[in-house]
Amino acid sequence: MKTLLLTLVVVTIVCLDLGYTLKCYVGRKPYKLITCPEGSKKCATVPLPTRPLPIFSKGCYTSCPSQYVKCCSTDLCNGSPTSG
């Protein structure tokens, strides 16, 4: 009986996690890791118009922004917290 109950719990957890959720780094340094909202299909790193040194912002997007340094569609693909 315990085995059946454990099996049902595991199957329920697996089924609840079937909805794909993209994870991206977001914001400016220090970057934060978040689970993107539903509908977000891309992670991107975009340049902000700053001088003299460029500043980059990372985030979740429904499609690639018009200006981007990196745009991708897998978990955490827009770089680590220590990268530009």
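We number each residue from 1, going along the chain as drawn.
A Cβ is built for glycine as well, from the same backbone N, Cα and C atoms used for every other residue.
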Per Swiss-Prot, the disulfide partner of Cys64, chosen from Cys60, Cys71:
Cys71
Among Cys36, Cys77, cysteine joined to Cys60 by disulfide in Swiss-Prot:
Cys36
Disulfide-bonded cysteine for Cys43 as listed in Swiss-Prot, from Cys15, Cys24
Cys24
Could you state the CA-to-CA distance between Cys71 (disulfide bond) and Cys77 (disulfide bond) to the nearest Å?
8
Nearest to Cys60 (disulfide bond) in three-dimensional space, by Cα, is which of the disulfide-bonded residues Cys43, Cys72, Cys77?
Cys43
In whole Å, how far does the CA atom of Cys36 (disulfide bond) lie from that of Cys24 (disulfide bond)?
7
I want to check the contact list for Cys43 (disulfide bond): same chain, sequence separation of six or more, C-beta distance under 8 angstroms. What comes out?
Leu22, Cys24, Tyr25, Cys36, Lys58, Gly59, Cys60, Tyr61, Cys71, Cys72, Ser73, Thr74, Leu76, Cys77, Asn78
I want to check the contact list for Cys64 (disulfide bond): same chain, sequence separation of six or more, C-beta distance under 8 angstroms. What comes out?
Lys42, Ala44, Cys71
